[in-house]
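The transmembrane segment annotation in Swiss-Prot covers 19-39, 51-71, 303-323 and is backed by sequence analysis. Taken from Swiss-Prot, the feature substrate binding site applies to D309, M374, supported by similarity to another entry. The feature heme binding site is assigned by Swiss-Prot to C437, with similarity to another entry given as support.
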Amino acid sequence: MVLEVLNPRHYNITSMVTEVAPVASIAILLLTGFLLLVWNYEDTSSIPGPGYFLGIGPLISHCRFLWMGIGSTCNYYNKTYGEFVRVWICGEETLIISKSSSMFHIMKHSHYTSRFGSKLGLQCIGMHEKGIIFNNNPALWKAVRPFFTKALSGPGLVRMVTVCADSITKHLDRLEEVRNELGYVDVLTLMRRIMLDTSNKLFLGIPLDERAIVVKIQGYFDAWQALLLKPDIFFKISWLCRKYEKSVKDLKDAMEILIEEKRQRISTAEKLEDCMDFATELIFAEKRGDLTKENVDQCILEMLIAAPDTMSVSVFFMLFLIAKHPQVEEAIMKEIQTVVGERDIRIDDMQKLKVVENFIYESMRYQPVVDLVMRKALEDDVIDGYPVKKGTNIILNIGRMHRLEFFPKPNEFTLENFARNVPYRYFQPFGFGPRACAGKYIAMVMMKVTLVTLLRSFHVQTLQGRCIEKMQKKNDLSLHPDETSDLLGMIFIPRNSDKCLDH
């Protein structure tokens, strides 16, 4: 054959192509495979997780976040690949971590104080480099955090006890407003109105329409959750963004009216000490040139939405757990009778309510609302032996960690899990370190006041067969019940005023 090919007189082009083509195809495939191997070599990682495979891996992992929600996706990847996993969001390397040692390292170091999310999404909801919750500019975040810290501690914390208790009593007296036609109480709406009323009295002090603002807060939260990880192309298609932009605008417009009224009150006040609060401090900072008007407005908005957004759902879950566990309710009621009795609750009662505190902790561990934390690495680092590059996104899967380490009965709801002191590295419902939740202390006090005040007046029941474990939930930016379900109502039974323990 070789001689025929070399000899022009015997050259047969058809025969040559037929015989050489398979060899050439194999050579091309081998060369292509080698080039792909070289191209993808830099994308290999010692960290467990799905493969890169020509960019298909990052595309699939991002789509999974958009489809399943952030929380559900994190649980999927940790369950599939382990407690330290590498995936991608918007093409950026992202770590999903549920190891306590890794979380401890990240939370305590200042080079993890930035968050991450779609820049266009955060701009749409007003959080890009503004406010405190998802402000991913460390310098601007540090500028506003002292205002939150001051408002959420000290005298504000003491005053909150009375303000919150009064708000709960007022709303319980108007319980018919949140009952449906069957007499079941819409606890989520009740708690959201109480939390908004309390936050407004403490931090803004302008009369508002609770019903309307609560609905607008829910629309804003839905937009925030939907837009946080969307790719840039999503925002170029106007009809896709329209409903979210409207939800954001509805709340911002309502808040703008309230904040403008606050500005007017400050400018006409005879004594500034009569209107000094969180909003006033921010407005003064704006007048000094320390903060922009847009940043001030966003900070006030975030302060008012924080409790209705998360704490109201936490208390909702707690009441469902109390209804299912009568022995826990009995222990709580005994402590309330011993510590508080028939008088009004006070700030100095807080440290004595240990059963209530352990119940709150166990509820937040067993059925969390905020079960993940999102951060960004600002420097190169090594975490538990794994290299982490500057700019890497990090999601701390706290909810999963709370069911993996330390607790004697991690998959059960029982106060035995807090019968002994729990090292804080194993239990982080509010985080810790430089970017810990600024409101963690006031949140604990507010939940104690809410439970004590409500349970002294009512015994709570769920509809037959309904419990947290069977409840439909959505686990995205936070974990919420599916509010399209008609199974969320509760029965409030007035207690015997003479005997706190009578049901």
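Note: Cβ is positioned from N, Cα and C throughout, glycine not excepted.
Locations of recorded Swiss-Prot features on the structure.
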{"residue": "D309", "record": "substrate binding site", "DSSP (3 states)": "helix"}
{"residue": "M374", "record": "substrate binding site", "DSSP (3 states)": "strand"}
{"residue": "C437", "record": "heme binding site", "DSSP (3 states)": "coil"}
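Around the residue listed as 'heme binding site', a 10 Å sphere centred on its CB holds 21 further CB atoms from the protein chains shown.
Here M374 (substrate binding site) comes close to R115, F116, G117, N393, I394, I395, L396: these same-chain residues lie at least six apart in sequence, with C-beta atoms under 8 angstroms from its C-beta. Between the CA atoms of D309 (substrate binding site) and C437 (heme binding site) there is a gap of 14 Å.
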